[in-house]
């Protein structure tokens, strides 16, 4: 019987699963993966602003500055820092009607 068609049915002793081999390692592994997926999905919904802002500004290296004078490098760094400071905490919420 497929896992998708198995149903818990009420009996005299309470709720029981009609699946006789629920101790199968494949069923246990699928359950663990499902639970982990649910946890990660919830965390993503709660913290997506923090996660994606870190990925956008924290891990991305800027363009190569090889051959560029130091004064221009410093000006570029300052512009990038100002862009991060201005954007910090300001997100646009788009609501679809």
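Each Cβ is built from the backbone N, Cα and C atoms, and glycine gets one as well.
According to Swiss-Prot, the feature transmembrane segment maps to residues 23-43, out of the candidate ranges 2-22, 23-43. With respect to their backbone Cα atoms, residue 50 (S-palmitoyl cysteine) and residue 41 (site 'Seems to be involved in pH gating') stand 15 Å from each other.
Other C-beta atoms found within 10 angstroms of the C-beta of residue 50 (S-palmitoyl cysteine) number 9, with every protein chain shown included.
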